[in-house]
Amino acid sequence: KDNTILAYPEDVPSNLPVFTMDYPRIQIPFEITLWMLLASFAKIGFHVYHKITIWVPESCLLISIGLIVGAIMHSVLEEPPAVLSSNVFFLYMLPPIVLDSGYFMPTRLFFENVGTVMWFAVVGTLWNSIGIGVSLFAICHIEAFGVQDINLQENLLFAAIISAVDPVAVLSVFEDISVNEQLYIVVFGECLFSDAVTVVLYSMFTFVAEMEVVEPEDVFLGVARFLVVGLGGMGFGVLFGFVAAFTTRFTSKVREIEPLLIFMFSYLAYLVAELFAISSIMAIVCCALTMKYYVEENVSQRSSTTIRHVVKMLGSISETLIFFFLGVVTITTEHEWNWGYILFTLLFTFLWRGLGVLVLTLIINPFRTIPFNMKDQFGLAYGGLRGAISFALAFTLPDSIGRKQLFITATIAVILFTVFLQGISIRPLIELINVRRTNRDVETINVEIHSRLMEHTMAGIEDLCGQWSHFYWKDKFMKFNNRILRRILIRDSRAESSIVALYKKLELQNAMEILDTVSGDISAAPSLKESTNPKKTFMAEDLKNMHDLLSKNMYKIRQRTVAFTSKHALPNDDQPREILIRRHANIRRSLRHGSFQSTIPRSQKYFSLPTGQNLGSKYPSVRRRYAGKLLKLNLQTQF
């Protein structure tokens, strides 16, 4: 045996390689990036021709693209990457979806209908889970179907999975046709909180499914566990929301980390809830609802915009990937087909959803100021689509479940049937039966004043009558909030009137619309467009308006130097912002004289003085000076 040590082993090349490739090292992040890019390109393509997404929901299109990609991969004998595991879904993909829904929930509408929302989300999900599970267990006793080995616990587990509603397509239709606010918020809230209830039931029934014998005390322990998990998640969420709001009180000098703090506290609430095995969805939803009100008053406008865009982006990417992956898995995965079990699953899903809406509405209607009529109930029942959450829960079932493949196949069948059939037909059906609608887009100060007046009046009447109802508790909370919570959590603890806040919002929207109209669409300003023609003869009124516009814009710019910044600080843009404010005011004055033909409707264009009038024609000089100081103060606080 030769023990001679070679100075240059034979398997090591002696020359320096010019080109090398190490694909296994970057395989996982590379494939994930490609999947995300492919899904993003699909979304871009859908919206190039926007009429497609009006009649066909985006989730249907994503699933269709996934089916095409899955068919291509199946034809070349390629398996999809195993990226959707239990930990990946629960720790990375689910939090952005839930945070997106919780952060953008209409807060005022939600708290006005919180009882109805929780009634349908909690009791409705339990109704569907128990009803579908028991019905399927009865079907399993029929020998012709060959599913006698599926016990009651596994049927309840499967029923809990397909009870999670995900009406993304329905909410999009409701927004487009402006259904009444009560129906919209109940569908929105039920979608969000039913996911939390479903995940709790999923974890409970997964544990129970592995038990050979279920004792009566286990049922009572399960009910207690359900309450502890739900209420514990709410407590953790509110706690982390308050901590996030208190932290942002001290970030006035470090604006660049404000969005990071919001995401970290939200995700930390979710992870701590997972650590203690309580409802992580409830924790992150309550955290978002709590901190949104206080955080947005502490952070800058840039940070608020960044938070909104990133939250929406992450949630959209996660949900897009799940729908896309659903289409791929439908083709590339080996399915266990049992037509009897799958068809009865579809039947019981529709049956118990419809019965649940009828029974729960019959119970809750006497306690509602505006009860749901039969058309609203049809919208609630028909809008119960299944989606990303159901598929992910079924796909991540433990291998100890004997009929896991059958459950995955039945779940995919329910999702495809509801998303394609109900998602495509919901718009024409809602328009056909003429569901009650409302105009949520037009907000005026007049409406806000009357709403506040009625709320205070109702709170006073309830207080005199000794009835502690919605308006009474809202009034008490607002007093507690203004006296204690705002002083602790908000940097500038002075309570701002909702009327003033609405005025600022409307003025900002008006400025953006005017600047976009004049700057982006030259055809909206005929006098400017026609001035490029040398043969144009201007009227005296046009010349007067041009003179006024130029004279009002000829103000002294205090600083023209470039605003330099350090590595860890954002640039100071106070001067450009001041120029934009003045430009906005000048363009508004010129538009009021009629020199430009704006495309903004008259009912939504101006929210202050009428055309041709100024402060001097309405108020004495003392009030005018006070109004000028107030306007200056508002501009400083707003910008």
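Glycine is treated like the rest: Cβ placed from N, Cα and C.
Listed in TrEMBL for this protein:
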| type | residues | note |
| --- | --- | --- |
| DOMAIN | 37-430 | domain 'Cation/H+ exchanger transmembrane' |
| DOMAIN | 531-621 | domain 'Sodium/hydrogen exchanger regulatory region' |
| TRANSMEM | 26-48 | transmembrane segment |
| TRANSMEM | 60-77 | transmembrane segment |
| TRANSMEM | 89-105 | transmembrane segment |
| TRANSMEM | 117-144 | transmembrane segment |
| TRANSMEM | 183-205 | transmembrane segment |
| TRANSMEM | 225-246 | transmembrane segment |
| TRANSMEM | 267-291 | transmembrane segment |
| TRANSMEM | 311-329 | transmembrane segment |
| TRANSMEM | 341-367 | transmembrane segment |
| TRANSMEM | 379-397 | transmembrane segment |
| TRANSMEM | 406-430 | transmembrane segment |
Among 225-246, 311-329, 341-367, 406-430, the stretch with the most Cβ pairs under 8 Å to the transmembrane segment (267-291) is 225-246
Outside the transmembrane segment (183-205), at least 6 residues beyond either end, the same-chain residues with a Cβ under 8 Å of its Cβ set are 98, 101-102, 105-106, 109-110, 112-114, 116-118, 120-122, 124-126, 129, 153, 156-157, 160-161, 163-168, 170-171, 174-175, 222, 225-226, 229-230, 233, 277, 279-282, 285, 372, 376, 379-380, 383, 389-390, 393, 435-436
* Asked: the transmembrane segment (311-329) vs the transmembrane segment (117-144): three or more C-beta pairs under 8 Å (separation of 6 or more)?
  -> no
For the domain 'Sodium/hydrogen exchanger regulatory region' (531-621), the averaged pLDDT of the predicted model is 49
Within the same chain, the residues 6 or more beyond the ends of the transmembrane segment (117-144) and with Cβ under 8 Å of it are 110, 150-152, 155-160, 162-164, 185-186, 189-190, 192-194, 196-198, 201, 230, 340-341, 344-345, 348-349, 352-353, 355-357, 359-360, 363-364, 380
TODO: Verify whether three or more Cβ pairs under 8 angstroms connect the transmembrane segment (225-246) with the transmembrane segment (379-397), leaving out any pair fewer than 6 apart in sequence.
DONE: no
Other same-chain positions with a Cβ less than 8 Å from the transmembrane segment (225-246) and lying at least 6 residues past its termini are 122, 196-197, 200-201, 204, 261-262, 265-266, 268-269, 272-273, 276-291, 294-295, 298, 488-490
